[in-house]
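Chemist: Here it is, the structure, as structure tokens.
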């Protein structure tokens, strides 16, 4: 599958690149960002996938989070896809910021008119890793995933739905229980229809209750002054309770004074890279 390089910038001895390709799952052209640390010049490196939140593209994380120095030091290839299909000309996809374009919610849609293109779950867990493994110096056996908000939800469900696939998972201010929050209800009813059992298959709090897999060490940072936490969009307490019940280790850090922004992410990104490096470089 042909990759078209859009940009390449040297950063902390490595290269931050952006590529475009024709996605089979999403039936459209997609961009993704990939950081190749200096270590990638001489051998295969672990792959760490970042999933962004609502309204984002592949650009937000690479320009705002300040992750490069840490990824360079730990020798991690970091991949950041877009958050939805683009340019599909589906009626209604650009009407609101929390549904459609920029809001794929990392599910495989089952409803018309979304089901042909809105297959971000399969894109992130299958198509993109295959593309990365085939075209970049990564070790396919060593991959982890993390994300923010909608992307934190995405990271948690990808790890919980695929035991053993990811070595570790972490999240910043994830949407932990989407079946119960306004964002989740809107997205899931649109993409997945009215059958709520289908919703639960993409809800981290429900998935953790039946998680059969290998031990997962989960790290979550949450800003205490996050407006969306206060608005009941994120519901981390429900997820923590489910993890505690299942004896799944989760480190949940409520960070005093921090909000939902990339300033919050930038503050704690090094901790998250270190968390993943511990497992990826073991």
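Even glycines carry a Cβ here, placed using N, Cα and C.
According to Swiss-Prot, the protein has these features:
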| type | residues | note |
| --- | --- | --- |
| MOD_RES | 2 | N-acetylalanine |
| MOD_RES | 4 | N6-succinyllysine |
| ACT_SITE | 149 | active site, charge relay system |
| MOD_RES | 200 | N6-acetyllysine |
| ACT_SITE | 226 | active site, charge relay system |
| ACT_SITE | 260 | active site, charge relay system |
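For the listed features, I'd like the structural context: burial, neighbours, distances.
Modeler: The Cβ of residue 2 (N-acetylalanine) lies under 8 Å from the Cβ of 21, 22, each of these being in the same chain and 6 or more residues away along the sequence.
For the recorded site, residue 4 (N6-succinyllysine), the DSSP three-state label reads strand. Long-range C-beta contacts of residue 4 (N6-succinyllysine), restricted to its own chain and to partners at least six residues apart, with a cutoff below 8 Å, comprise 19, 20, 21.
The Cβ neighbour count for residue 149 (active site, charge relay system), using a 10 Å radius and every protein chain shown, is 25. Under DSSP, residue 149 (active site, charge relay system) is assigned to coil, being neither helix nor strand in the three-state scheme.
Counting every protein chain shown, the number of other Cβ atoms lying within 10 Å of the Cβ of residue 200 (N6-acetyllysine) is 16.
Taking the Cβ of residue 226 (active site, charge relay system) as reference, residues of its chain lying under 8 Å away and at least six apart in sequence are, in sequence order, 173, 234, 258, 259, 260, 264.
In the three-state DSSP scheme, residue 260 (active site, charge relay system) is classed as coil. The Cβ neighbour count for residue 260 (active site, charge relay system), using a 10 Å radius over every protein chain in view, is 21.
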Chemist: What whole-number Å value do you get for the CA-CA distance of residue 149 (active site, charge relay system) and residue 200 (N6-acetyllysine)?
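Modeler: A Cα-Cα distance of 18 Å.
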Chemist: Going by DSSP, is residue 226 (active site, charge relay system) part of a helix, a strand, or coil?
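Modeler: The residue in question, residue 226 (active site, charge relay system), is coil (DSSP, three-state).
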